[in-house]
C-alpha cells in the first residue's frame, strides 16, 4: 500500500472516500454536522456512519469513524481506526481512502504515522493463497493521512509502521501455511532468502550437521518424521563495544501431532501454527533488516516436525541436549521445550545483552491469560520491565508470571537432570522453569504465545482469523528501545 501524509481540510478533499476520525464528546465540523439528520453518531470507539455528501463536500463519500474517549486514545486506538477505515474501503470495493485525524492526539508525530500504517496494512490481511476462485476482496492500494502538523515526521513513522506490518504479514503467512507446505526445510529457505535480501549472516544446519554437532534435543523431536529438522541462525550486525546483542529464539514445530503422546483429532489441524515463535523471529528479522537497526540481533530457530512413527522418540526416553544436560521424556507432546533447550544454550555463545524466546508452548498459558496477553517469565526484571513497556506501546501486551526456584525444582527428574513435564498444576510456569536450566547467567525472558498466536475470530480490527503474527510488533518496539 502506498501511504502519503500531508496537511489538509476535509471540506476540500476529493476522492471516493474521506474518513473523519472523531473523538467522543467533541463537536463535528460544521460542514459535517449538517449532513446528519439525527443524532446517530456518538464517536464511540469503532462506531462508523457512512454519509453521501451529495455536493455538500467535494468527496463522494464521508465515513465518520469513532475513536472513543480522549483519555483512552493511545496508539492502538489509532491502529484499530486505521484498520477499520481500510476494511470499509475494501467493503465498498474502493482502492483508496483519505483519513483525517483530530488535532488533539496525545501521540508524537512518529507514533501517529507508525500506528496508522500498521493498522491500514494489517486491517485488510487475509490468507487466501490457496483460493482458486476470483472472489478475492478489492485491494486497497493507497491511503492518505491528513494531519494538523509535521507531516514529514509523521511520514517517517509511516515507514517504520510499514516495515513492521510487512514483518507481521510474513509471520502470519508462515504460521497460516499448511504443514505440507511449511516444513523445517522451507523455514531454512525463507531464512536464506532474508539473508540475501538484507545482508544477514546465515547458518542452516541439516540433520547430518545437527548430529555431528550434538543438537540431540531437536533431533529427538524430529526423528519420527520424514521431514528433516533444521537449526537456523540469522545474524544482523555484529558484536562491538557499546552495541547491544539481542538473541531471539523461536520454537519452530511446523506440525505437531503430539508424537507418540498423540493429540486428539479435534483441532489438530491448527497445529500447523506451532511454529508461531519461529514465524515471529523471521518476521522480526525482516523488519530489523528493513529498518537497519544499529544493533547486533541474532535470530535462532529450532525447527522440527513432531510425528508418531516407528522411529519417533517415546515416553521414557532419555535425551542428551547440546548443553550436555539430560532430559527424561514423560510426554512427547511437550516437545517445544526440548528443541528450545538446544537453541537457548546455543544463544549463550553470543554473550548476549538479552535472550528472548517465543513459543506456542503450553495450553496452561491459554487457560491463564486467554488471547489478550502473552505470558512472560524469566531471570531479568529489567528485561521484563522493558517488555512490559514495549507491550503497552506496541499494543501486544504481556503479563509477567513468577519463576521462583520451586517451579524449577518441579522439573527435576529422578533418573536424568530434568523431566519434560511437571504435572498438571502451574504448567505454563514449570515449562519456563525447565527452559531456565539452559540460559546460564544471561538475562533471559520466555514469551509463551500459545494464547495470542492464533485467533478463531478477530479480537481487534487489525487481526484476521488464524495467525496473528504476535511478537513482531512487540520485539521491534523492544529493540528500538535499545538504540
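Glycine is no exception: its Cβ is also placed from the backbone N, Cα and C atoms.
Mn(2+) 2 is bound by 251, 256, 274 in TrEMBL, and the record lists one more residue there from 189, 212, 328, 335, which is 335. Cβ neighbour count for residue 263 (active site): 14 (other Cβ atoms within 10 Å of its Cβ, all protein chains included). Secondary structure from DSSP puts residue 337 (active site) in a helix. Taking a C-beta cut-off of under 8 Å and a sequence gap of six or more, residue 335 (Mn(2+) 2 binding site) has these contacts in its own chain: 221, 253, 256, 259, 304, 306, 420.
In this structure, 333 is the one among the binding-site residues 256, 274, 333 with the smallest number of other Cβ atoms inside 10 Å of its Cβ.
The closest partner of residue 263 (active site) among the recorded positions, by CA position, is 333; the full candidate set was 251, 274, 333, 337. Calculated from their C-alpha atoms, the gap between residue 337 (active site) and residue 251 (Mn(2+) 2 binding site) amounts to 8 Å.
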